[in-house]
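According to TrEMBL, the protein carries these features:
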COMPBIAS  555-564  compositional bias 'Basic and acidic residues'
DOMAIN    454-539  domain 'STAS'
REGION    555-578  region 'Disordered'
TRANSMEM  21-45  transmembrane segment
TRANSMEM  51-69  transmembrane segment
TRANSMEM  76-92  transmembrane segment
TRANSMEM  98-120  transmembrane segment
TRANSMEM  213-237  transmembrane segment
TRANSMEM  283-304  transmembrane segment
TRANSMEM  316-335  transmembrane segment
TRANSMEM  355-375  transmembrane segment
TRANSMEM  382-403  transmembrane segment
TRANSMEM  415-441  transmembrane segment
């Protein structure tokens, strides 16, 4: 699916060219993703604090919508660990809130796509994302320890959760702990097998190729295999008349009704109206849709670049928005792009988004016919599936990398990482604010090279915007007037590509201030857009020259030697003022 431009309905781009050779690959990929999606859906619903069937309700609509509107062949939409964590924070373990949150998030995402506002995600820096995902990895994993240990009544808040878990560790149920640890070990072993599995060459014997294929299938569908094995163990104990495991319990059978989300909630003391529900969700109405967009677009871009095609970010926003809106009509909570299932999709050799139809159909079949079997799935096994999925999100190396590359980026990373343990929304908002402050500071204090000679040569290292003009004025005046005797100034604007009105006013005041002391200010290296702005402003005493040498000659000074360029000079007359 190469190409950077997509029609309003992207399916019309690739469906007419669909060939028979793609069909078995799409079927295999859809089946592999489906075998991963079903157990993960149950586990993520548990993480979101919702009845388990809501995980399945959230797992099929995104597959069907993305078939028509998606621009990346590998991406699969559905519930994820991070989105489930956010839902648990803002839906208060109440399905009505969760479904309404999906609808409102979809409306926001759809609006952003229609208005081409995807660029707003560029203001969330990589350190903020890494800090959030690393903290989420720890939070989600520890949240599942209670299910591994078979503990009940553990609070949701992270620090209270740690305290209560450690205080009540003596109440651990041996059966749950043994099974949970065994499932974790099995999942880790299967993941390691898949990463080390060599590609079978066509020249190898048939038996060797079949063996590799069986191992690959087993490792890819490891979540389904582990959950199935754990369910068989639990069923065996049930038949023998004793049950040492905590089971999932009954899940309603059948497909969800297609109906709009409820805009009010019946409560014991009356009805909670729509506006009150919106107030309750608060900042979640910004955090949930933005994190959904961020996950989807980041995943789509990553896999598109790996596989040599391009995506349309705004079309991805539209697809995600429509998926969440329509998903809310089938009782889905907010969904987004899943990195794990997308990786399975890509590794399975999917050719088009048609693989999602198979995944969605498999989820619907599970809802229609298999929910009675889910009764015997131990909660410890689902907890192991979640922990196995989120632990790789913790990036230990990012701290060491930022220390080497740019230590200042550790500030938003650490702020986000630490505050996310308190509340997710505080961590994200604080990280974005810190990143914004650092960005604004670099704009307000651009690097300025000052080289002294018969005239003072000043060269800003980047474009000038209104926060930086005072810094430039102070630098020029302090150096020009402090020299003995005071010196005129040449402002080399070769790195300045744009200026605003406040900068023009500041330059006019700088011209006047230097003129009072019998000094002049000349401009050189002006780019056409900047020159046009300054000429339009009609500054008194404004002079400009095409080059630095011409400006110096007009002042009776010798041209600056190329070896004393202010950005390469090593003489004592050059300095850097931040």
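Yeah, the Cβs are placed from backbone N, Cα and C, and that goes for glycine too.
What TrEMBL says about a protein is an automatic prediction, not a curated fact.
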Q. Which residue counts does DSSP give the domain 'STAS' (454-539) for helix, strand and coil?
A. 43 helix, 13 strand, 30 coil
Q | Recorded stretch that, among 21-45, 76-92, 98-120, 382-403, has the most CB pairs under 8 Å to the transmembrane segment (283-304) | A | 98-120
**Q.** Whole-number mean of pLDDT values that fall within the domain 'STAS' (454-539)
**A.** 88
Q: Could you tell me what the rest of the chain brings near the transmembrane segment (21-45), counting residues at least six beyond its ends with Cβ under 8 Å?
A: 51-56, 58-59, 76, 78-81, 83-84, 217, 220-221, 223-224, 226-227, 248, 338, 340-341, 344-345, 348-352, 354-359, 361-363, 366, 374, 377, 382-383, 385-386, 389
Q) Top stretch among 51-69, 213-237, 382-403, 415-441 for CB pairs under 8 A with the transmembrane segment (355-375)? A) 51-69
**Q.** the transmembrane segment (382-403) touching the transmembrane segment (213-237) per 3+ Cβ pairs under 8 Å rule
**A.** yes
Q.
Using Cβ atoms and a strict cutoff of less than 8 Å, what residues sit near the transmembrane segment (415-441) while being 6 or more residues removed from its termini?
A. 85-86, 89, 123-125, 127-128, 131-132, 134-136, 138-139, 158-159, 283-284, 287, 291, 408, 467
